[in-house]
Structures are given as C-alpha cells and as structure tokens.
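What follows is a short report on a single structure.
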C-alpha cells in the first residue's frame with residue numbers, strides 16, 4: 001500500500017474579478033465529527049468544476065454547504081466564510097431562500113414536483129404571486145430550451161412530470177433550477193441514476209449551460225469529470241488536496257495521491 005504525504009497540497013487560485021464563489025477557512029461539523037477541515041477554495045465564473053474523491057471524503061458535504069443545504073441537518077454546524085459577490089452567505093442574517101435563487105441545486109436523483117411539466121418550471125414564480133401568463137410562458141420555454149428539453153416536451157407541457165424518463169426528469173430539474181436565473185448551479189452526482197445515453201445528454205446540456213452559469217458538480221465518475229469539467233478538485237478525508245485544470249489533474253497531477261486516485265491505483 002502506497003504511503004502518501006497528506007500534508008502536501010496543490011491548489012490554484014484566481015483573480016478576484018473572475019470569481020463566482022469562494023470559501024475561506026470553511027469547516028463543517030456533524031456533532032463532534034469534523035467533516036470539512038478549513039477549506040479555502042475559489043471557483044471561476046462560467047466554468048464547470050468537478051469535485052472528486054473517495055466515498056465519505058466530504059465532497060458532497062462541501063457542495064451542500066455552498067448554498068446552506070446543511071442547515072436542514074440538526075447536528076450540522078458550519079463555520080468560516082462562503083463569499084458570493086462580496087457577501088458571506090454563511091452569515092446569520094442572510095435570507096437563505098433569496099440566496100438560493102442565486103445558488104441553485106440539482107440533486108442526485110431526479111426530484112420533480114407532483115405537478116405538470118409547466119408548473120414545475122413556474123412554481124417559484126407562482127409562489128411569489130406572479131400571474132402574467134406571457135411572462136410565465138416565456139420562462140418555461142427559455143428554461144426548457146436551455147436544459148435541452150423543449151423539443152421533447154413542448155406539446156406535453158401540461159402532462160405530469162412523472163411521465164418523463166429519468167434523464168428527462170433530471171433535465172426538468174435543471175430547467176426548474178435555472179428558471180429563477182441563478183448565477184451558480186450546484187449538482188450532486190446528477191447522473192448517478194441515469195443510463196449512459198442520458199448521462200451523455202446531461203453532459204452536453206452542462207457544456208451549453210456554462211455559457212451562462214457557473215457549475216460545480218460532485219461526481220464519482222472519473223470519465224465524467226475528465227470529459228465534462230474545466231477544473232477538478234480532489235478531496236480526501238475532509239481536506240482539499242489538489243485543485244487544478246482538469247487536464248492537469250488527469251494527465252499531469254502534481255501529487256502522487258491525486259494521480260493514483262484518478263488512474264484507479266489509489267490505496
């Protein structure tokens with residue numbers, strides 16, 4: 001078994017003006033257990049960043065902290081800063097509902113609402129009291145087009161979202177997330193429940209979406225990280241170990257642990 005120097009780090013940084021989001025000394029605790037250990041990390045605007053690492057390394061916990069999803073866990077405590085447009089979204093006075101309009105989330109398994117395709121997209125607007133039908137129609141069409149789903153469902157908008165295939169449901173969830181025009185889209189293993197064809201379609205959708213959005217994705221699929229992302233971060237036991245351009249991580253990693261992990265020789 002290879003012995004690694006876990007004190008080694010290689011983490012790139014970016015100029016402030018091209019940052020979409022950053023964390024400073026971010027810790028996450030579940031009770032007494034420290035799941036994330038003081039991570040400083042920056043995300044570049046309109047790029048796809050993949051978070052990789054063994055099961056239990058903290059990558060999903062880290063992702064969920066970026067828009068306060070860990071708030072729903074009673075024993076979770078998050079300290080440090082999460083900076084979006086100069087504002088610490090981890091501060092106690094932040095309106096979490098409003099913040100999540102800027103930092104959206106797509107979950108591991110498709111979770112459409114028990115409503116029509118149309119009402120899945122308009123849900124947030126109708127909840128806010130918006131009744132302008134033309135406005136809502138335009139939002140539905142634009143969002144579904146951006147999620148590469150419009151052509152498949154444009155004649156069935158008032159059918160139940162549950163009539164869609166798994167891949168279509170996941171793209172509907174993406175459309176629902178981008179309908180409120182977020183700046184950042186968080187994706188927690190969005191292809192894990194999809195077949196290979198639906199996965200490829202999802203990756204193509206992500207590539208188109210990065211023209212308008214910053215995407216941060218957790219994946220266990222090394223091929224997906226290599227294909228779909230611009231930057232990749234390797235996590236291990238709650239620490240950020242290496243963070244660089246995806247080509248560098250997969251072809252010329254600075255650290256042996258990273259190189260072994262992405263090539264399947266880790267351990």
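Cβ from N, Cα, C; glycine included.
Over in Swiss-Prot, the protein carries these features:
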| type | residues | note |
| --- | --- | --- |
| BINDING | 53, 54, 55, 56, 57, 58, 59, 60 | ATP binding site |
| DOMAIN | 21-262 | domain 'ABC transporter' |
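All protein chains included, residue 60 (ATP binding site) registers 19 other Cβ atoms within 10 Å of its own Cβ. Taking all protein chains in view, 22 other C-beta atoms sit within 10 angstroms of the C-beta of residue 57 (ATP binding site). In the three-state DSSP classification, residue 60 (ATP binding site) falls within a helix. Note: residue 58 (ATP binding site) has non-local neighbours 28, 35, 36, 37, 235, 237, 238, 239, i.e. same-chain residues 6+ apart with C-beta under 8 A of its own C-beta.
Neighbours of the ATP site: apart from 53, 54, 55, 56, 57, 58, 59, 60, residues of the same chain with C-beta atoms within 8 angstroms of the site's C-beta centroid are 61, 235, 236.
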